[in-house]
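The structure appears below as structure tokens.
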Amino acid sequence: MGASEELEYLKSLVSQLNGKIAAIEAKAKGSPSPTPAQQLRTILIGPPGAGKGTQAPKIRDEFCVCHLATGDMLREQVQQKTPLGIEAKKIMDAGGLVSDDIMVGIIKDQLENNKSCKNGFVLDGFPRTIPQAQKLDGMLAERKEKIDSVVQLLIDDQLLISRITGRLVHPASGRSYHKEFNPPKKRNVDDVTGEPLIQRSDDNVETLTKRLRTFHSQTGPVVDYYKVKGLWHGIDAAQSPSVVWENLRSIFVSKK
């Protein structure tokens, strides 16, 4: 973590602590604790293995918003053979990258047709570039909406590699577990469905090192874009999932 990034993280940490102090003081005085905002529109940024798959469902459930994981949404559109899915499949079959316009269109489709998005959303996996961030802002502006927070999960690459090489996934739902840090209740079996878990073929050191290098090169400018807007918050994702969650929640509650 560079000096400037560490400074920004410490500022964000102070903000989180102030929110916790306010909540404790209110409780001590017998006043009601701060409650979540009625609308939450947040972006969760973090490299593979940082804990997005663990934390995003908690945000969804706590704040009654939808979890928009762009990879899952794209696969769903392709499987359902929607107009956007058909167009995306043609591009992917030709070896191309799905355009920013299609990805923003898929997000827009969810916001318009997914009832669980009525209170807002947590966006996971998008945007990855400044043009994508700008197109997302434009689409939301047309809906008279805007992003209200961007949270980056900060963690050392070596710790990430150890996390990911032990990761287990439920293919149908995308639920993720870890052999050591977040094991399923029954070994190699999904807690909800009882179906078998798998380890992704690309969850190996060589592939992960390349993915992390790409992530860092892409994410830096996007993070700076949101820092300028005053929306960025950094959280130490090396902490236990429960501590990370409390820090996340304090950010969203303080936005009320």
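Using N, Cα and C of the backbone, Cβ positions are placed for all residues, glycine too.
In Swiss-Prot this protein carries:
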BINDING   GLY49, ALA50, GLY51, LYS52, GLY53, THR54, ARG167, SER176, TYR177, GLN239  ATP binding site
BINDING   THR70, ARG75, GLY96, LEU97, VAL98, GLY125, PHE126, PRO127, ARG128, GLN132, ARG200, ARG211  AMP binding site
REGION    69-98  region 'NMP'
REGION    166-203  region 'LID'
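What Swiss-Prot annotates, mapped onto the structure for a quick look.
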| residue | record | Cβ neighbours (10 Å) |
| --- | --- | --- |
| GLY49 | ATP binding site | 27 |
| GLY51 | ATP binding site | 26 |
| GLY53 | ATP binding site | 22 |
| THR70 | AMP binding site | 20 |
| GLY96 | AMP binding site | 10 |
| PHE126 | AMP binding site | 24 |
| ARG128 | AMP binding site | 18 |
| ARG167 | ATP binding site | 20 |
| TYR177 | ATP binding site | 21 |
| ARG200 | AMP binding site | 14 |
State, in Å as a whole number, the widest CA to CA span among the ATP-binding residues GLY49, ALA50, GLY51, LYS52, GLY53, THR54, ARG167, SER176, TYR177, GLN239 given in the record.
18
Counting only residues 6 or more past its boundaries, what in the same chain has a CB within less than 8 Å of a CB in the region 'LID' (166-203)?
49, 53-54, 57, 69, 72, 211, 241
Return the residues near VAL98 (AMP binding site) by Cβ distance under 8 Å, restricted to its own chain and a separation of at least 6 in sequence.
LEU74, ALA88, ILE91, MET92
Roughly where does the region 'NMP' (69-98) sit in mean pLDDT, to the nearest integer?
89
Just report the maximum Cα pair distance in Å for the recorded AMP binders THR70, ARG75, GLY96, LEU97, VAL98, GLY125, PHE126, PRO127, ARG128, GLN132, ARG200, ARG211, no decimals.
27
Mind tallying the region 'NMP' (69-98) by DSSP state, helix then strand then coil?
22 helix, 1 strand, 7 coil
Assigned element (helix, strand, coil) containing PHE126 (AMP binding site), judged by DSSP:
coil
Going by DSSP, how much of the region 'LID' (166-203) is helix, how much is strand and how much is coil, in residues?
0 helix, 11 strand, 27 coil
Do any of THR70, PHE126, ARG128, ARG200 (binding-site residues) have a CA within 10 A of ARG167 (ATP binding site), and if so which?
ARG200
Roughly how many Å separate the Cα of ARG128 (AMP binding site) from that of TYR177 (ATP binding site), to the nearest whole number?
24
